[in-house]
Amino acid sequence: MSSRTVIRGGLVITASDEIHADVLIEDGRVAALAATGTPAAEAFTAENVIDASGKYVIPGGVDGHTHMEMPFGGTYAADTFETGTRAAAWGGTTTIVDFAIQSVGHSLREGLDAWHAKAEGNCAIDYGFHMIVSDVNQETLKEMDLLVEEGVTSFKQFMAYPGVFYSDDGQILRAMQRAAENGGLIMMHAENGIAIDVLVEQALARGETDPRFHGEVRKALLEAEATHRAIRLAQVAGAPLYVVHVSATEAVAELTRARDEGLPVFGETCPQYLFLSTDNLAEPDFEGAKYVCSTPLRPKEHQAALWRGLRTNDLQVVSTDHCPFCFSGQKELGRGDFSRIPNGMPGVENRMDLLHQAVVEGHIGRRRWIEIACATPARMFGLYPKKGTIAPGADADIVVYDPHAEQVISAETHHMNVDYSAYEGRRITGRVETVLSRGEPVVTEREYTGRKGHGAYTPRATCQYLT
């Protein structure tokens, strides 16, 4: 039986257009759009009518970087796929791409199967997977080809975390060469982990144990050096490169230079680098531990380069790197030794709102908001135009957004499974009102109407900027 919904009277915003239009949804997909008040729009009929007058109608957010239930430092990220995808929906995100992990000594397939088992039947919204490659060998390289064919088309490597996820330059080059052949996209955590480990050891020997030292040892220059090295290795391999969680002015400069040379190099940043700084890491009484993530928060002056990069398209995507650990019992593992603080912050629920606040404050325009949060990540990870836009044939992943509502971000009211908010007390303008995932209401006028198991695994095509 056909199910139809009409969203009437809103300002439809995509990466390329803004138009006052009515949206007809049929069987989980966008069937048609027509300018509000025209005979074509008036002819839309449906059982369900959503009044979006005075509101924005935007594509559901695509968060290309989350870590649900991720093991790290002897504990696990606090959000499960159930709680994390529910929180994402509350924040206007309707698709996540999470990271399945290959453990050293194991196959990619084992890691991917484990993540499918965590997610299947538990997600409120649609999801896909990237693959973390921790152990490059001949078998792993063959498996990369198979995964691309199955719709896992991006592979993350780490220049950081020796002994855990770290790959050396030779392993990175081999994986990049394979990606150049099979169409995959290499995603890079670009920090010089070998040098950082020396600085960590030296800092602890001096008695520098507080959370703020996490930011001091993970130097911007070591992010820039690794970014430069990753770009040149990718150039040698003839492969595209996507650098995750870019935080430093010097790293943006490396990306800008590479793109000016015409290289297929892309960069992502995250809200924490745009809105927070080392001032947070330096908060007293171990409060700074809440803000320990890698790459680390930088001094405030780095924010201008990140905003500029987003405006000039030297940075193309804003994701969250959502990897929450509770302050109580998890972040506290690092009391007396900052290197033992689990690395990661909550944010999957806040991204769309914080980026709307960036529109309010004049950092970016409305269409750029949708571009960096919805359309570009969908294209980058082979999901467009099924995801990331509002157009006939697209999945009806749609958010009715109130641009005038005011809210105060707080752990008291958020839905992430973590005991603090990185943005506690921040007053912002704009709020999600209603969320549809494939036409099904997940949030209805600020009431949760979704269910675990609605979210479907979504295989991906290869990066659409390279075809």
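Every residue gets a Cβ built from N, Cα and C, even glycine.
Within ASN122, ASN343, ASN350, the residue that Swiss-Prot lists together with TYR161, SER294 for binding substrate is ASN343. Residues LYS156, HIS189 are given by Swiss-Prot as Zn(2+) 2 binders; from HIS67, HIS106, HIS116, HIS245, that same site also lists HIS245. Annotated Zn(2+) 1-binding residues in Swiss-Prot are HIS65, HIS67, LYS156, and among ASP314, ASP321, ASP337 the one listed with them is ASP321. Taking CA atoms as the reference points, ASN343 (substrate binding site) and HIS65 (Zn(2+) 1 binding site) are 15 Å apart. Of the chain residues outside the substrate site list TYR161, SER294, ASN343, PHE72, ALA160, HIS189, GLU191, CYS293 have their Cβ within 8 Å of the site's Cβ mean position. Rounded to the nearest whole angstrom, the C-alpha distance between HIS65 (Zn(2+) 1 binding site) and HIS245 (Zn(2+) 2 binding site) is 9. Counting every protein chain shown, the number of other Cβ atoms lying within 10 Å of the Cβ of HIS65 (Zn(2+) 1 binding site) is 27.
Residues within less than 8 Å, Cβ to Cβ, of HIS245 (Zn(2+) 2 binding site) and separated from it by at least 6 positions along the same chain comprise HIS65, HIS189, GLU268, THR269, CYS270, TYR273, CYS293, SER294, THR295, SER319, ASP321. Each of HIS65, PHE158, MET187, MET188, ALA190, VAL243, VAL244, ASP321 belongs to the same chain as LYS156, HIS189, HIS245, is absent from that list, and has a C-beta within 8 angstroms of the C-beta centroid marking the Zn(2+) 2 site.
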